[in-house]
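Trainee: Take a look at this one; I'll ask things after.
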């Protein structure tokens, strides 16, 4: 490529041909056909069951499809493209979050999942009204709606970046087309269509990642070369055991902060809980949980290795410095075109895999939004019961309207920079208070509705302040963070670096990573983004408990035990048995005295 400039190389790599478009279109058509099948061809639900069929599959779904759906819903295009970018730029320290993922599984299985599954809810926010009051249900539903609408446009934007890298087609041309298909099958097919399209999409995701890894590893000279180059650059390293909350990633933020973050996104989120509630028994839900965790860990490992592979491929010619990749999250698509571009259909398979990840997350979010809007915004405020036709119209209208809003919001997301940490930090604004509120509900019987809403409101305000201050600090250079070394001395094409390599990541909207050495004073907003959810939850819980005791706590003996985690239920039952025994003894003693 001697004599070529970076633009020539960029054009030469855009080999997305007829076969690739065929593979991509077939993926979209298969999703649409699944929607048609469940919406029009499959036997209709019996009268009175249409809502349950649309939102939770009549609670008769199977374990494997639901497990694959959970994986597809959680591992969005953000993870598929953002995680390799994270590893390429900063090394493997982030991957110690797997300890948090596994811990989350045990905590969810024993503390949260039994409560929601046994109550047979449709919206998790119904629980907040039963446990606290109507205000809390509305508060939780509003927070979920805002968080979802902040997250979904990022989910849509990410695969559009990949498509732009491999084809050159404008981001805003492809997003409406793909979103319309997703909105269609979610709208007409409900949860069953979402789950079965997720099955197809999960298989595509795994297939695409394995294909890239195998071919890419062979191209660079084998696994030993990938490991050797990653070690030499410091990208493979042991866990950082220094306890410093301003350190971007260390073992404490990844495991402790990670488990709290994953608890919110899996244990109390409507997006995920709705899948578990579609299973017929608690035993089936537990099996789905651990299948989901195993699949997620495998996919995270694939993403991590692909990040190391990107570095092994471009160890002496960094594509971000040369602008061969315009955005950080285009690194994996660049690797795909460099390694698979000469094989017709394979780049199309990769793009289909990335779009599959996005479509599954988008369809999950829209289906969950229809459940929340119907159950929490319409039914509680309706003067008379909604008819089956009205219910059907509302559920489908919500999918269509919110899907259209997400497409428009992509214009905003385009300006915001790197996506993996951006999505985690934005979500933490509402995730922390929400997790705190649900934890109060299932673990602390004394907490009441007034305490919960005061604690949740203060937690929300504090987290908004922390996030805004952090973004401002990053924009002004008050907070900086170190990148792993890159090199451009081996480039075979001409380029003009518009900014020094050491400055590549400063002007992003990623959350605070590490306080600048020139900033000795500790500030709350300097902490790692992985602590955000923990901070929001702790503030909510502490304030709520204090306020509850000030205004008058609940009497645990008067509470419904089914609203609490199993071990809290056992404590409450023992208290009642002991109280009844004492009462019987006292009554017996009085009778003896009278006699």
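Note: Cβ is positioned from N, Cα and C throughout, glycine not excepted.
Because TrEMBL annotations are produced automatically, they should be read as predictions rather than curated entries.
Straight out of TrEMBL:
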- 21-41: transmembrane segment (TRANSMEM)
- 62-82: transmembrane segment (TRANSMEM)
- 94-117: transmembrane segment (TRANSMEM)
- 138-163: transmembrane segment (TRANSMEM)
- 169-188: transmembrane segment (TRANSMEM)
- 195-214: transmembrane segment (TRANSMEM)
- 249-267: transmembrane segment (TRANSMEM)
- 288-312: transmembrane segment (TRANSMEM)
- 349-373: transmembrane segment (TRANSMEM)
- 393-413: transmembrane segment (TRANSMEM)
- 433-466: transmembrane segment (TRANSMEM)
- 529-551: transmembrane segment (TRANSMEM)
Trainee: Hey, which bits of the same chain come close to the transmembrane segment (195-214), Cβ under 8 Å, at least six residues off its ends?
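Mentor: Hits for the transmembrane segment (195-214): 27, 30-31, 34-35, 38, 57, 61, 65-66, 68-69, 71-73, 75, 80, 185, 275, 278, 295, 298-299, 302-303, 305-306, 309, 332, 335-336, 339-340, 346, 349-350, 352-354, 356-357, 359-360, 363-364.
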Trainee: Taking 3+ C-beta pairs under 8 angstroms (sequence gap of 6 or more) as contact, is the transmembrane segment (62-82) in contact with the transmembrane segment (169-188)?
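Mentor: The transmembrane segment (169-188) and the transmembrane segment (62-82): touching, no.
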Trainee: Are the transmembrane segment (529-551) and the transmembrane segment (249-267) close enough to be called in contact, which here means at least 3 C-beta pairs under 8 A that are separated by 6 or more residues?
Mentor: yes
Trainee: Residues of the same chain, at least six outside the transmembrane segment (169-188), with any C-beta under 8 angstroms of its C-beta?
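Mentor: Distant contacts of the transmembrane segment (169-188): 28, 31-32, 34-36, 38-40, 156-157, 159-161, 163, 194, 197, 355, 358-359, 362-363, 366-367, 396, 399-400, 403-404, 406-407, 410-411, 414.
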Trainee: Looking at the stretches 94-117, 138-163, 249-267, 393-413, 433-466, which one shares the most CB pairs under 8 Å with the transmembrane segment (349-373)?
Mentor: 138-163
Trainee: Take the C-beta pairs under 8 A between the transmembrane segment (249-267) and each of 94-117, 393-413, 433-466. Which stretch has the highest count?
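Mentor: Checked against 94-117, 393-413, 433-466; highest Cβ contact count belongs to 94-117.
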Trainee: How about long-range neighbours of the transmembrane segment (393-413): same chain, 6 or more residues beyond its ends, C-beta under 8 Å?
Mentor: 51, 54-55, 149, 152-154, 156-157, 160, 171-172, 175-176, 179, 182-183, 186-188, 190, 362, 366-367, 369-371, 373-374, 378, 386
Trainee: Please indicate, using numbers and ranges, the residues of the same chain that are 6 or more beyond the transmembrane segment (433-466) and have a C-beta under 8 Å from a C-beta there.
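Mentor: Non-local partners: 111-112, 115, 124, 127-128, 131-133, 135-136, 139-140, 143-144, 147, 260, 263-264, 267-268, 524-525, 527, 532-533, 535-549, 551-554, 556, 559, 563-565, 568, 572.
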